[in-house]
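Only one structure is covered here, and it is reproduced in the block below.
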């Protein structure tokens with residue numbers, strides 16, 4: 001028999017599920033929460049050691065340049081990849097309660113926001129090390145991250161449904177995320193690409209998020225208005241249609257689970 005769950009329990013379940021996932025992930029290493037900070041730093045050091053030989057004279061403070069990109073990518077990949085199995089992995093819970101289907105997707109979003117906080121500590125450490133001055137443009141990071149949350153959640157809504165309808169989609173999506181990794185300007189400047197390649201890269205919303213964050217953090221510049229408008233419109237489109245698709249697919253999801 002399905003049990004009703006009110007709004008306060010709804011929020012409580014999201015926090016508890018996120019806490020359970022966090023404990024599970026951190027219990028796998030003795031470094032615990034420290035690993036969430038050390039992981040992006042170590043990855044940045046390894047990648048910087050390789051790519052800095054190619055771009056050392058093109059990009060000032062290259063480690064920061066790369067770390068900003070990888071933090072955004074991890075945030076995107078964590079939410080969207082986690083969304084794929086968010087419903088299928090909680091089949092029993094969905095079938096025995098009246099908990100809204102999207103609670104498990106929102107748990108993934110909440111968990112990745114917490115992880116983003118830890119990774120941001122690594123970024124602050126590098127900002128201090130490279131003596132990057134604090135400026136008003138840093139405030140623009142807040143709306144940029146807010147847009148990122150809605151964009152990734154919108155994509156996650158599509159993937160959560162497809163994860164139930166097409167069980168093997170996670171394998172396909174892992175290939176797609178690898179392509180996205182190299183097509184988002186995470187480790188190279190646009191100046192290294194051909195004009196045609198640049199025109200394709202700037203259509204990538206993840207690149208826009210990364211590029212605008214770099215402007216705010218590294219170069220003390222406000223994001224370009226055209227880029228911000230383009231990103232907001234893309235995000236609104238993805239989130240609205242993702243929500244509509246998710247809501248219309250609820251019955252089919254319950255039948256397939």
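We number each residue from 1, going along the chain as drawn.
Keep in mind that glycine also has a Cβ here, set from the backbone N, Cα and C atoms.
Caution: TrEMBL annotation is automatic and unverified by curators.
Per TrEMBL, the features are:
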type	residues	note
DOMAIN	31-249	domain 'ABC transmembrane type-2'
TRANSMEM	40-57	transmembrane segment
TRANSMEM	64-84	transmembrane segment
TRANSMEM	109-129	transmembrane segment
TRANSMEM	136-165	transmembrane segment
TRANSMEM	171-190	transmembrane segment
TRANSMEM	228-246	transmembrane segment
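Highest Cβ contact count with the transmembrane segment (228-246) among the listed stretches 109-129, 136-165, 171-190 falls to 136-165 (criterion: pairs under 8 Å).
Long-range contacts of the transmembrane segment (171-190) within the same chain, counting only residues at least 6 positions beyond its ends with a Cβ under 8 Å from a Cβ of the stretch, are 47, 51, 54-55, 58-59, 66, 69-70, 72-73, 76-77, 80-81, 84, 159, 198, 200-202, 204, 206-207, 210-211.
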